[in-house]
Amino acid sequence: MAGRSIMGRLRGVQVLAFVLGALLVVQPVVAMDYASALEKSLLYFEAQRSGKLPSDQRVSWRGDSALNDGQEQGIDLTGGYYDAGDNVKYGLPMAFTVSMLSWSVIEYRHQLQQSGQLDYALQAIRWGTDYFIKAHPSANVLWGEVGDGDTDHQCWMRPEDMTTSRTAYKIDANNPGSDLAGETAAAMASASIVFKASDPSYSATLLTHARQLFTFADTYRGTYHDSIPIAKKYYQSWSGYNDELLWGAIWLYEATGEAPYLQYVIDNAASLGGTGWALDQFSWDNKYVGVQLKATKILLSGKGGSFTSTLEAYRVKAEYFLCGALQKNSGAQIRKSPGGMFWIQDWNNMQYVTTSAFLLTVASDYYEAAHATLKYCTSSVTNAEMLAAGKEQVDYVLGKNGRGTSYLVGFGASYPQRVHHRAASLPQPVACKEGFERFYYVQSSNPHVIEGAITGGPDANDNYNDQRDEYAMAEPCTYNTAPMVGVFARLSVGSSLASSLPDSSSQTITPLDVIVSSSSLASLQEMGIQSTTHESRLTRSHPIRKAFSGECIAITQHLVEKWAVGRHVYFKNAGKVTNNCKTAIQGTTFVVHGLYGTLWGLEKVGANGNIYTLPHTMPKLAPGQSLDFSYVQQRPFKAQIFVRKACPTCKVGYS
């Protein structure tokens with residue numbers, strides 16, 4: 001990339017636009033009915049209910065299920081939600097789902113009320129928190145899973161008829177799970193805010209559980225999948241538990257206003273990674289960006305006081321994510337598909353699309369309310385632009401894409417028909433294996449439309465295969481839809497920023513629009529159109545000061561070894577950082593995404609984070625000199641390594 005001229009890049013874009021023009025269907029786009037999308041999204045949670053269903057259940061094809069959950073262990077664990085298309089209740093993603101539903105109501109209660117959907121949102125939250133009250137029978141005990149994925153995946157049966165294992169698993173003081181307890185504390189604390197005015201007694205009960213769970217998480221530290229090994233294969237806590245400790249604390253501060261919880265977020269900002277991690281994602285596993293944005297809100301509201309400098313450090317990292325989503329980051333941008341969808345990974349990528357849309361939406365409102373704008377992007381950004389970036393992702397989900405397909409099931413004229421979902425795909429009771437033969441491996445559409453479910457979504461090139469066995473694409477999850485509840489409410493009713501948004505009803509998507517408007521010319525490789533040899537992108541600092549370019553710093557990596565130890569598979573990758581610049585570089589910093597292990601060769605900045613620099617043994621790279629690095633992790637995906645600051649002390653023009 002470093003050697004290409006501007007005209008060369010333009011010619012490349014023209015050729016790419018021509019090629020994509022033959023692949024993408026040009027379709028007129030009609031105005032989105034966000035109110036309908038909101039209604040369907042809340043209906044989805046009724047389809048995911050476990051336990052004894054209420055008389056006002058609206059999804060008629062679902063029935064009572066798992067009525068003996070917990071009986072084997074002598075505790076009532078009925079209720080709660082199935083996480084996705086299977087029949088297992090996983091505590092960590094369920095708690096995140098409730099946290100996101102609660103956050104949606106906290107931010108957009110007025111819009112939900114105006115849309116006539118507030119009561120349904122409250123019911124969805126309470127269905128989860130009622131379960132968590134049961135699952136938390138004493139201060140240092142939390143039941144974290146009912147059923148197991150291994151036996152569940154051997155059968156294709158409705159939850160009403162399942163014969164698979166319903167064993168329950170817990171964490172306690174001897175077998176801790178700070179991530180699970182911390183996330184559940186966040187769910188209970190955020191829900192206590194939701195119910196504080198309408199049901200103060202229930203709110204107080206939730207807050208009591210939240211306090212106990214946070215103390216449990218912080219006092220007895222450990223990763224929950226080590227205490228519940230059966231969960232590791234399906235919901236391993238890759239990010240560890242530090243993010244959930246901060247997440248639980250900052251929600252408890254918002255719920256109580258008590259200074260010690262904010263003090264915890266400040267005192268542990270560096271040691272727990274809150275100001276160390278610069279990320280491109282927010283999910284059931286990794287809560288850092290959520291913590292960073294909520295800390296930024298405190299700063300923007302003028303309540304930072306003596307904590308202002310630490311809160312500003314949180315803001316830097318929050319804006320790393322937001323600027324990356326806007327393709328205006330000084331480090332790595334959030335990658336996009338050719339059609340403009342944020343792209344993080346192959347498996348259920350849509351979860352990252354919906355959480356990103358949520359964060360962009362609430363951030364635009366936070367900054368607007370504070371009469372502030374993003375200040376760490378490479379060029380100025382209005383709050384309306386931030387909201388529009390979130391809306392772009394929402395519209396993609398709803399069908400404003402090259403395929404014209406809505407990935408919100410039941411919305412629009414075209415949506416997935418063969419969703420990977422046991423209850424929706426089975427019209428009648430069947431035996432364990434019979435379900436596969438008669439209803440799984442068939443081409444007919446599901447007999448039940450699971451309205452409001454958001455499937456895993458298309459691949460990096462916007463391709464989608466509507467088959468049940470394509471579970472990475474076809475399986476919906478509760479945490480895909482939960483963030484969209486707030487966003488749909490916000491867009492359906494609006495606020496002062498709504499009038500600033502462009503009217504999409506008269507727009508037409510063309511391949512060239514998709515390419516040029518969604519990404520800068522320098523960002524084409526971030527759209528998934530890149531070679532296996534990665535070259536770092538142009539690195540820029542604050543718009544007022546032009547920085548030394550990092551285009552001439554090349555980063556390459558490749559898989560060198562793969563081995564298995566028992567059920568675990570490990571992948572060793574090796575690579576080089578090469579200085580192709582005209583001058584020596586020093587003080588260079590890198591941001592590393594998707595690393596779940598130790599990295600050798602580069603030196604971490606701070607004890608907890610993902611910013612690295614040249615090692616103290618080689619603090620400077622001469623022109624043409626290379627530095628080797630390597631890392632081992634259990635995921636088959638390579639880490640993404642980008643130049644953040646190429647050479648802070650170098651003069652412009654020497655690259």
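Backbone N, Cα and C atoms are what each Cβ position is placed from, and that goes for glycine too.
Annotations in TrEMBL come from automatic prediction, not curation.
Sequence annotations record features per position, and here TrEMBL assigns active site to HIS420. Counting every protein chain shown, 25 other Cβ atoms lie within 10 Å of the Cβ of HIS420 (active site).
Taken from TrEMBL, the feature domain 'Carbohydrate binding' covers 553-634.
Marked as signal peptide by TrEMBL: 1-31.
The helix, strand and coil residue counts that DSSP assigns across the domain 'Carbohydrate binding' (553-634) are 0 helix, 49 strand, 33 coil.
Regional average pLDDT for the domain 'Carbohydrate binding' (553-634) in the model is 88.
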